[in-house]
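One structure below.
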Amino acid sequence: DKIPNFVVPGKCASVDRNKLWAEQTPNRNSYAGVWYQFALTNNPYQLIEKCVRNEYSFDGKQFVIKSTGIAYDGNLLKRNGKLYPNPFGEPHLSIDYENSFAAPLVILETDYSNYACLYSCIDYNFGYHSDFSFIFSRSANLADQYVKKCEAAFKNINVDTTRFVKTVQGSSCPYDTQKTV
């Protein structure tokens, strides 16, 4: 058996999840609305390549997510998911898309109205882990000042920001069609 290339030696970054959880819980409903994926690190679970648009609807307990965009085969793709507090009481969210598995997710930093820096990591046996990072924006573009805030947040937990790949967004994207899918 071969180890997938996204499973790497080392441990998940040290994140003060308790502090973030305490700060964000009162504002959680402010995360609702549309988020565009500005950039991400290598993630085999992200099946949408371009024009990634995420709609988060908060029902008081969890977010229902509708993610749309252009898949790697060039076709429009919709994925449904949920984002909810960890069911075992750990201070982080769990993200769970159809045909996948629930994974921990931490909002490292956000102002709720412009940007969000997201980190997901799972530690495995024998000193291996998988981590995935995202930069989200409320619009198809993200001002450099907010990109820098996310870069600083990721550098603060020793995530190599050169791993990020910018997501194609903008005038070539069928956002109006995506809203109706």
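Cβ atoms here come from the backbone N, Cα and C positions, even for glycine.
Swiss-Prot records a disulfide bond between Cys173 and Cys51, which is the match among Cys12, Cys51.
Between Cys12 and the candidates Cys121, Cys150, Swiss-Prot records the disulphide bond with Cys121. Highest Cβ count within 10 Å among the disulfide-bonded residues Cys51, Cys150, Cys173: Cys150. Between the C-alpha atoms of Cys150 (disulfide bond) and Cys12 (disulfide bond), the distance comes to 18 Å. In this structure, Cys12 is the one among the disulfide-bonded residues Cys12, Cys117, Cys121 with the smallest number of other Cβ atoms inside 10 Å of its Cβ. In terms of C-alpha distance, the listed disulfide-bonded residues Cys12, Cys117, Cys121 place Cys117 closest to Cys173 (disulfide bond).
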